[in-house]
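Heads up: the structure comes next, in structure tokens.
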Amino acid sequence: MASSFTRILSSKRNVGILSLVGGSVAAGFLLHREHVTAGEPLRRRYPASAEYPDLRKHNNCMASHLTPAIYAKLCDKATPNGYTLDQAIQTGVDNPGHPFIKTVGLVAGDEESYEVFAELLDPVIKERHNGYDPRAMKHPTDLNASKIQSGVFDERYVLSSRVRTGRSIRGLSLPPACTRAERREVERVVVDALSGLKGDLAGKYYSLTVMTEKEQQQLIDDHFLFDKPVSPLLTCAGMARDWPDARGIWHNNEKTFLIWINEEDHTRVISMEKGGNMKRVFERFCRGLKEVERLIQERGWEFMWNERLGYILTCPSNLGTGLRAGVHVKLPRLSKDPRFGKILDNLRLQKRGTGGVDTAAVGGTFDISNLDRLGQSEVQLVQTVIDGVNYLVECEKRLEKGQDIKVPAPIKQF
Amino acid sequence: KAIMPFGNTHNNFKLNYKVEEEFPDLSKHNNHMAKVLTKDIYAKLRDKQTPSGYTLDDVIQTGVDNPGHPFIMTVGCVAGDEESYEIFKELLDPIISDRHGGYKPTDKHKTDLNFENLKGGDDLDPNYVLSSRVRTGRSIKGYTLPPHNSRGERRAIEKLAVEALTSLDGEFKGKYYPLKSMTDAEQEQLISDHFLFDKPVSPLLTCAGMARDWPDGRGIWADEEDHLRVISMQKGGNMREVFRRFCVGLQKIEEIFKKHNHGFMWNEHLGYILTCPSNLGTGLRGGVHVKLPKLSTHPKFEEILTRLRLQKRGTGGVDTASVGGVFDISNADRLGSSEVEQVQLVVDGVKLMVEMEKKLEKGEAIDGMIPAQ
């Protein structure tokens, strides 16, 4: 038996032999095939060390944590839908750094990405979310707007108030990985649910593919329209594929509650108003979100959420609450004070230009919002913004009167 | 269970959805892919993949993301490997036919890199012809193409290409400049020599995945849209010399790759296999920068070009417009005629157009010189 086996093994013909003939032991063997059957991938394979990206000139969270060892461990894994590590990190490989902020440098293709690639994602999450440890901590969710104290700002300083978050539909892949059919299904599920909103939340959907010129202009004037992403942070992650298929904007008739469909996340939910009534903005935000959730649950769907990471979104920076609550506020004097940065830090706030994350401030008017997303609840974060903005406006008033200001003690985080 | 790496679990997962649900919306599109792709073809090919895992959706993504181009009718699809042209032939053959003047699946393409077969070409008037250039691409057999290759593979291609090229000597001796470790001084020099290529910004290329991991594995001599782009050029009008150096250099390079057991991708139907179907055949673009301020404003300019089987571009390349009456004039065909034949068309055509320009300068008519259909 041994000699016939050796003869088979040494034959030059590359044939798959499925059973060993003869003897009392029948065994199945598959010899190495040179010509594979259709559908079975045969591809030149390189060791992980040959595939490991060159990150020496990179400065993003992914590059800070992706060691050759972690890469080797995760590079041949895939989520059940087939999303891989290389896909997750592509945006960070292609975009070494950003002038204003340290970017995350990776995205999730689906809910399972956060589990399958946890070895890389957990330290990235910890760095990005200021020490929140997904392996040890739980994230609190609280959308009870009645707990908010004060929250109506001085409108001589605060020009507008806004709260946004995102929600993903469980069971469908996220924008970096979704197929056209999945993306269309997200649109269908969400638009169907939104059509059930009533009262001050009742509204209309504008699909990007069938929008009229007039509708488009109106949405631009209202500052509602989102564009095809041009930022390479998004395009390199595959989020602009098939544009504008299955993308659209929904807003209520009063133009105070707005939902983006299939841009950087399945949905982005925005509540906003001119002026300083952050309390009302947040109240509508919570009410709207809970209604939408009820409506999709009626239809058998739910949002992606777990107690380790809170609401699951495409970018790890938006985990937890995914919430950014902010105001456009005039701080011409305070912003020139050398202590401005430290004051913001201690209040756990961040500044942006009024054009959004990639812009600089114009004319002393800033976008001020919460720094944190994960580890604190929605109510806690909005309260932090309210308290912080009140403090900033106080400082501005004091500086106007020629009085001095104090840097507040740093707020405890978690 | 996923077969990793490069398993195609994701494509199999898509098959859970019906054809109608996955079929792209091409109603606003105007490229070759959009004209050819029907739901039937999509249904037939969507569950297929090449041995390296390239799928139909990979092939067409760039065409879905880029509905049309203002100056040219784009192809709207790319190959991820040599086998793409086989596995997806039901889509690619009609596209190749549309793009290459009716080229049939049964046609054979001839290769002729014997520069001695070129007649003339050494006497284009340097007062009009500012520079001459011949370029082509080559793909190295056994590797996947830029839309699909991984970092490991791209680096292996770079390594092999550099080994081959640094073994060249005589008039072909040279140096490799890897993009990622180029000094500022080297970069300046390469820019002023018009050698440096930039990270692709055209969405035609970025949507096909060709800019991934930039600048890893890229350098001058290797790897932009194709594994290798080979360019011979010089100032003035001696196209004959440019073509000679092109042919000799290419053949030397090919010999070296063959010695390393990696010849170029080629077959007798499609000629040289490249990433974009528009570059199949010779992959050759032979052209000049030529001053034609009067001829270019003549009402019959486009027609003259068509009859001469030439095309015009701006001096910045395919996506640009001309500046100051200086045009980039090159052969329009790639597949179905040989290298010598295509360069001959350029030589003869440019010579004629310079004569026409001179006539127009003197205020004379050129109608008698326009070639018959």
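Backbone N, Cα and C define each Cβ position, glycine as well.
Whatever TrEMBL says is automated annotation, not expert-curated.
The feature domain 'Phosphagen kinase N-terminal' is assigned by TrEMBL to B:14-101. The domain 'Phosphagen kinase C-terminal' feature in TrEMBL is assigned to B:128-360. Here TrEMBL flags B:131-135, B:H194, B:R229, B:285-289, B:313-318 as ATP binding site.
Here the features listed in TrEMBL are painted onto the structure.
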{"residue": "B:S131", "record": "ATP binding site", "DSSP (3 states)": "strand"}
{"residue": "B:R229", "record": "ATP binding site", "DSSP (3 states)": "strand"}
{"residue": "B:G287", "record": "ATP binding site", "DSSP (3 states)": "strand"}
{"residue": "B:R313", "record": "ATP binding site", "DSSP (3 states)": "strand"}
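Helix, strand and coil content of the domain 'Phosphagen kinase N-terminal' (B:14-101), in residues and according to DSSP, is 42 helix, 2 strand, 44 coil. Taking the Cβ of B:V134 (ATP binding site) as reference, residues of its chain lying under 8 Å away and at least six apart in sequence are, in sequence order, B:I231, B:S232, B:M233, B:M239, B:V242, B:F243, B:F246, B:L284, B:R285, B:G286, B:G287, B:V343.
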